[in-house]
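In what follows, a single structure is set out as structure tokens and then discussed.
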Amino acid sequence: MQFRASIAAAAGLFALANARIYGIAFPETVKAGDEVEAVITTENYIQAVQDIAIAFGIATEASAYPETLGNALGSFYLGPEESNTLENITETVTIPAGLAPGQYVVAAGLYSLYGASSSPTLSHYNVTVTVGNVTSETYVGSQR
């Protein structure tokens, strides 16, 4: 009987788990015109976070300015279904067909509400990728 109570208590603690998004990952090399999986990476966190939406963009290294997206690749509603989860989130984006081979920056902007008072934040992430002849299966992640 005491064992069941312990399991019930542990299950209650797991239900209270909090997590946040801390970055993105993208194929190291992408082919223009391909659909690719953008990975939104998550981790344990001390308080609840409501992730509202994320948008992805791509720009040449020369035109990539801090906290900008460049040409939009897509935006996605996250909401309660994809907030406070320890499982990475995957969204599909299409690389523009007309991109010339070379180095590009893929950026993301994330809108979230933090804590009991729902403090709004806008977080920015980016990774450098190569546009080439094939989309790789190796992913590169944003730095913290």
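Cβ from N, Cα, C; glycine included.
Copied over from Swiss-Prot:
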type	residues	note
CARBOHYD	Asn88	N-linked glycosylation site
CARBOHYD	Asn126	N-linked glycosylation site
CARBOHYD	Asn133	N-linked glycosylation site
REGION	103-132	region 'BAK1/SERK3-binding'
SIGNAL	1-19	signal peptide
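Overlay of Swiss-Prot annotations on the structure.
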residue : record                      : DSSP class
Asn88   : N-linked glycosylation site : coil
Asn126  : N-linked glycosylation site : strand
Asn133  : N-linked glycosylation site : coil
* Structure fact -> If you rank the glycosylation sites Asn88, Asn126, Asn133 by how many other Cβ atoms lie within 10 Å of their Cβ, the lowest count goes to Asn133
* **Nearest-integer angstrom distance between the alpha carbons (Cα) of Asn133 (N-linked glycosylation site) and Asn126 (N-linked glycosylation site)** => 22
* Structure fact -> Quick note, Asn88 (N-linked glycosylation site) and Asn126 (N-linked glycosylation site): C-alpha atoms separated, nearest Å, by 17
